[in-house]
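Look at Swiss-Prot and you will find 1-86 tagged as domain 'Core-binding (CB)'. Feature annotation from Swiss-Prot assigns domain 'Tyr recombinase' to 107-294; the stated evidence is sequence analysis. Annotated active site per Swiss-Prot: Arg151, Lys175, His246, Arg249, His272, in sequence order, evidence recorded as sequence analysis. Per Swiss-Prot, active site, O-(3'-phospho-DNA)-tyrosine intermediate is recorded for Tyr281, and the stated evidence type is sequence analysis.
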Amino acid sequence: MESVLDAFDQYLALERGRSDHTRRAYLGDLRSLFAFCNERTPGADLGSLTLPVLRAWLSAQAAAGTARTTLARRTSAVKTFTAWAVRRGLMASDPATRLQMPKARRTLPAVLRQDQARDALDAANSGAQQGDPLALRDRLIVEMLYATGIRVSELCGLDIDDVDTSRRLLRVLGKGDKQRTVPFGEPAEQALRAWLTSGRPALATAESGPALLLGARGRRLDPRQARTVVHETVGAVAGAPDIGPHGLRHSAATHLLEGGADLRIVQELLGHSTLATTQLYTHVTVARLRAVHDQAHPRA
């Protein structure tokens, strides 16, 4: 089964342009499904993937308390896999065509207040004052994620040539291999120049290639390491929610809208394919307005 999963992984990467994060999640979902099938029928193969089995697997996941968003992703993983397997001749028919996608409950994303974002950035800047290469890199990670709102996978995928420091622009390769240009401000530029001048040269090795961000051993930075950096930096801010890079992306979008940015401009900056995804952030700003109103207005 692993050889089939390897071929499916190649399909996701080369033909569908899925990120490393999505591919890992999909393969993990499918391994969970295959383990479920083997528990029911030892030695089960792809022919064991029937609609009742798929429904039973999802029902077991739901009974175990799996979140709706995760169930929706697992359903998507299965539907993508079985459709691919039929096209490859690995399955005679697609059992997932009638498998319904659980409706994910749309919840407001956790975001930082502007003062909390400022405190997190100040903490990252303070840690970089001694010139330690990793501290300079960590400062750049936090500054650039908040300044641009790009995804952590997009940040870690940047090469040096993707950065126009003088014009303060990033050339970002997003989902579906769609390229967009994203601006950043002076604080992020300062963090970038410090990293390129003093941080990156100290970590670079023959294996670094053109990668902008590097790990401690000189290789391209893994998004999981960047997530750890963000969690630790934001976690040091009193009262701040526990967020990672995606939370900084949410925060950047929310603060742009609070500052009066046009919704379609924010959509372009974030690389959303539809405006509906970006509109979720308008609910965050409305929720904040209502909270302030309820607290401050005498007739609330």
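Using the three backbone atoms N, Cα and C, a Cβ is placed for every residue, glycine included.
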Should any of the active-site residues His246, Arg249, Tyr281 have a Cα within 10 Å of the Cα of His272 (active site), which are they?
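Within 10 Å of His272 (active site): none of them.
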Just the number: how many Å between the Cα atoms of His246 (active site) and Arg151 (active site)?
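Just about 7 Å between their Cα atoms.
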Is it possible to list how many residues within the domain 'Core-binding (CB)' (1-86) are helical, extended or coil according to DSSP?
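Final tally across the stretch: 69 helix, 0 strand, 17 coil.
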List the same-chain residues at least 6 positions away in sequence whose Cβ sits under 8 Å from the Cβ of Arg249 (active site), in sequence order, or say none.
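When sequence neighbours closer than 6 are ignored, Arg249 (active site) has Leu145, Gly149, Ile150, Arg151, Leu270 within Cβ distance under 8 Å.
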Can you grab the distance from Lys175 (active site) over to Tyr281 (active site, O-(3'-phospho-DNA)-tyrosine intermediate)? Cα atoms, rounded to a whole Å.
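The separation of the Cα atoms works out to 20 Å.
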For the active-site residues listed here (Arg151, His246, His272), which one has the lowest count of neighbouring CB atoms within 10 Å of its own CB?
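Among the active-site residues Arg151, His246, His272, the lowest count of other Cβ atoms within 10 Å belongs to His246.
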Using a 10 Å radius around its CB, how many other CB atoms surround Tyr281 (active site, O-(3'-phospho-DNA)-tyrosine intermediate)?
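Around the Cβ of Tyr281 (active site, O-(3'-phospho-DNA)-tyrosine intermediate), 26 other Cβ atoms lie within 10 Å.
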For Tyr281 (active site, O-(3'-phospho-DNA)-tyrosine intermediate), what is the secondary structure by DSSP, using just helix, strand and coil?
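Its secondary structure by DSSP: helix.
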Across the domain 'Tyr recombinase' (107-294), what is the average pLDDT of the model, as a whole number?
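Looking only at the domain 'Tyr recombinase' (107-294), pLDDT averages out to 89.
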